[in-house]
């Protein structure tokens, strides 16, 4: 039998070797994993894991969403954070001088039947957690049931607009 002291030394040496091997293999694995970068087609801009494009040809809200759906997982843009709102605003500002609104993927399929504007949703089914209304969407002033970005807010805030109106729009899709 090996003395207790020798057995402890061998155990520590074996453990140290195993830890070294796992650490080296882990470093090699990390080097092989490419950093996530979104490469978008010409005319589109990347933000996080999506591609975005401002389409200047005015369409109704429904026609605009159909145009966006021609791309993989494409829809009118859903804006899920303040950072994304700023990105979309920078994409639009200075390029739509003749329009007071542009389409985004918000719509109210209940046509205002839900109290307090509770029927609004994104066309791509993203969860509507981030809210950035330029006023009250349930007011009786406009009563549109499709969402837009408003020029008066620097294209940062949302308004409601008549779905049959024709406006430029922003598409968002995964590449």
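Cβ coordinates are placed from backbone N, Cα and C, and glycine is handled just like the others.
The feature signal peptide is assigned by Swiss-Prot to 1-26, with similarity to another entry given as support.
Long-range Cβ contacts of residue 40 (disulfide bond) within its own chain (separation 6+, distance under 8 Å): 46, 51, 52, 175. Residues annotated as disulfide bond in Swiss-Prot: 40-51 (among others).
Residues or ranges marked as domain 'C-type lectin' in Swiss-Prot (evidence: sequence analysis): 47-172.
Remark: residue 50 (Zn(2+) binding site) has 38, 172, 173, 174, 175 as non-local neighbours, by Cβ distance under 8 Å and separation of at least 6 in sequence. What Swiss-Prot lists as Zn(2+) binding site is 50, 107, 121, 145.
What Swiss-Prot records for 68-171 (among others) is disulfide bond. In sequence order, 55, 74, 75, 76, 169, 171, 172, 173 are the residues near residue 68 (disulfide bond), counting only same-chain partners six or more apart with C-beta under 8 A.
Sequence annotations record features per position, and here Swiss-Prot assigns region 'Sufficient to activate EXTL3' to 103-118 based on similarity to another entry. Long-range contacts of the region 'Sufficient to activate EXTL3' (103-118) within the same chain, counting only residues at least 6 positions beyond its ends with a Cβ under 8 Å from a Cβ of the stretch, are 59, 61, 64-65, 75-79, 88, 124, 126, 128, 133, 136-138, 143, 145-149, 158, 160-161, 163, 167-170, 172.
Shown in sequence order, 61, 103, 106, 107, 108, 160, 161, 162, 163 are the residues of the chain, 6+ apart in sequence, with a C-beta less than 8 angstroms from the C-beta of residue 146 (disulfide bond). Annotation source Swiss-Prot lists disulfide bond at 146-163 (among others), citing sequence analysis.
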For each of 107, 145, count the other CB atoms within 10 A of its CB; which of these binding-site residues has the top count?
107
When you measure from the Cβ of residue 121 (Zn(2+) binding site), which residues in the chain that are at least 6 apart have a Cβ under 8 Å away?
106, 107, 108, 109, 128
Helix, strand, coil residue numbers for the domain 'C-type lectin' (47-172) per DSSP?
25 helix, 38 strand, 63 coil
Where among the disulfide-bonded residues 163, 171 do you find the Cβ with the fewest other Cβ atoms within 10 Å?
163
For the region 'Sufficient to activate EXTL3' (103-118), report the average pLDDT of the model, please.
84
